[in-house]
Amino acid sequence: MKLKFTKMHGAGNDFVVLDGYTQPVNLTPAQVRALADRHFGVGADQLLLVEKPTVAGVDFRYRIFNCDGGEVEHCGNGARCFVKFVRDSGLTDQRSVRVQVQKGTITLTMQENGEVLVDMGTPVFDPERVPFATKGLQGRGEGADTLWPLDVNGTTRWISVVSMGNPHAVQVVDDVEAFPVLVEGPVIERHARFPQRVNAGFMQIVGRSEIKLRVYERGAGETLACGTGACAAVAAGIRRGLLDAPVLVHTHGGKLTITWDAAQADQPLLMAGPAATVFEGEIELPDSLADSLANSQAA
């Protein structure tokens, strides 16, 4: 199988983008893993697929696959790359497009300064809808938020649980660079209280409108930036009374700006940040390569 692809990144969160709008693209999880493999494939945190929508009133369908081959609900950094890709590829000349994601629709707008503004939707804090199992736990209130105790390697971490269309667990730490993200991240990601696993966010408060953030992403590990993770962290910080919008989010890959008016019911978060094309190419992806990679990773 020969595939044309575009390699892109949003604040260092990198993607293989495929045009499934003008050609059929049907990949197995093993083939997704092969494309995302940094040694034998193109290499990426996620694979993004552009398709024709299956619902009325939208321009495109936006699908996201993690580097482990699993399909996920949302990716904010990928959304910015998505709108740049469809414009650069000539699939649309609109500055603003409405796209179908796994849970609903979002609006993406290319701004005059080259950054992309993404309507990320309204954050959800109901544990059942994240989902997060609270049975037997006693939460504690902080501002308008509820923090939940989570046993992580024998230590209790107090977390906010948020859905941005995908699940997030956010905790505040004193020094995000010194914190053992690579130790605690995978434990939180697969914690039994998150039945669909979770993205683990570690937020350091720099000021009332500025944070540093690291995210250990579900199915991808720590990435240089996570758009939904930035939104979840800012939403949790505002609800806890720690932050005021707009908030500048520093990630290892770059800066994002998140705006949210928590006082208004059902108000969406808005995320602004960069999107860049790295290169375009074509790759031969025989079934044997995908199978060999799948076997080597399972060994």
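Cβ atoms here come from the backbone N, Cα and C positions, even for glycine.
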Next item on the list: Check Swiss-Prot: it lists Asn13, Gln46, Asn66, Gly76, Asn77, Asn199, Glu217, Arg218, Gly227, Thr228 as binding substrate. Then name which of Asn26, Asn166 it lists for that same site.
Entry: Asn166
Check: So, in DSSP terms, is Arg218 (substrate binding site) helix, strand, or coil?
Finding: coil
Notebook entry, point to check: What's the most sparsely packed of the binding-site residues Asn13, Asn66, counting other C-beta atoms within 10 A?
Noted result: Asn66
Note to self: Let's check the environment of Thr228 (substrate binding site): how many other CB atoms sit within 10 Å of its CB?
What the structure shows: 32
Next item on the list: With an 8 Å cut-off on Cβ-Cβ distance and a minimum sequence separation of at least 6, pull the same-chain contacts of Asn77 (substrate binding site), or say none.
Entry: His9, Gly10, Ala11, Asn13, Phe15, Ala225, Cys226, Gly227, Gly273
Item checked: Arg218 (substrate binding site): tally of other CB atoms within 10 A of its CB -> 25
